[in-house]
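Enquirer: Below is one structure. I have some questions about it.
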């Protein structure tokens, strides 16, 4: 096997093992640690730390440690979060959430840097186009990595389904589920009885072991960047400096198109935060039990991955405006339906319809918003995508931050309002683009930008 491809596979399976654990834990936070909103508070703190991390840490750590050891060290931050869940309290989970947030941005940046250098190195040897090889390597990475959402949630559901203490849910308890339910801290007791401590420890043990295996895989099998590649890495990290990048992020707000895209970018964080923080807790866990959360999130992950691939292919034929319209209608319909729906255990299929439709919409928000940034700000991509990460993370922080303070129906109204505002401001952006280049429809411009590499190179 060609050496660079071997390294790509090592990184890909390392991330698969790591995010099998983290993805499963994130889906369960609001249900496992519902007392005083500890679970969603930890996620809010996590994304706040991620904002700070993405601004300052990646260039410094990669320059000092190199890509391999930055990846390995950052993975240890994720393991710390798994360990914090063993004895979850404000004194263990919040600090480990901060640690994970600080490690998140260097992890993704080091991965992107490594794959870029590996792709250019092989292209130089083989006499091929570097961009083509890099896109191929990222394609291999995401083909393997995207399945982590399925495996992590499948593990949690299989383990929690072993609980012998499932109970019949009374109609009185069911009244506390859904958009207009009760403001309680222990919604998982209104459904089936919560999983035993032994099952929770078993799950956390598997997740922690998966993270440890990821670190061992990287440390043992990932090659360090060769000396002749060091200059390439140095150029990537030093041009520009992280201070200039930090300043450029806010200077980029002088572009009114960037300001108009802030609601759309934040909405991406809002809608993902609602699904993983509120839908799983108030609808699924409350009505069916915590062992169904994993199955529901598997449905979301599978549809999201398939639609991301599909929309990436067809966007060149349909244009982005049609896809944004599809996502808007789908998401708005889901929000309105959730406001009207009274969840009941006999309606099991409906619990999977919502995450499936949500996955379809999220696929548009992720692929097309990234592509839109790439098209509009082609000459300032670094500052533009720094803004993307900043405002999306702000959406997560706000969504998780008010999760325990407001009733679900209020959150749904907020979500719908932000969605409407996002489409209005997005429409203004499209109008400005059409006005600036009459005779050339925005949809026909170069918009088949490779979104995944930009989105995840934090």
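Cβ coordinates come from backbone N, Cα and C, glycine included.
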Enquirer: Transmembrane segment per TrEMBL: which of the ranges 323-341, 380-398, 437-455 is that?
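Expert: That would be 323-341, the stretch labelled transmembrane segment in TrEMBL.
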Enquirer: Within the same chain, where does the transmembrane segment (94-117) have neighbours whose Cβ lies under 8 angstroms from its own Cβ atoms, ignoring anything closer than 6 residues to its ends? I mean 6 or more beyond.
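Expert: Apart from its flanks, the transmembrane segment (94-117) reaches 7-8, 11, 15, 22, 41-43, 45-50, 52-54, 57-59, 61-62, 67-68, 70-71, 73-78, 80-81, 83-85, 134, 137-138, 141, 225, 229, 232-233, 236-237, 389, 453, 456-458.
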Enquirer: Counting only pairs 6 or more apart in sequence, are there at least 3 Cβ pairs under 8 Å between the transmembrane segment (137-160) and the transmembrane segment (289-311)?
Expert: yes
Enquirer: Counting a contact as 3 or more Cβ pairs under 8 Å, with residues at least 6 apart in sequence, do the transmembrane segment (347-365) and the transmembrane segment (199-222) touch?
Expert: no
Enquirer: So which of 69-88, 289-311, 323-341 is most in touch with the transmembrane segment (199-222), counting Cβ pairs under 8 Å?
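Expert: Per the Cβ under 8 Å count, 69-88.
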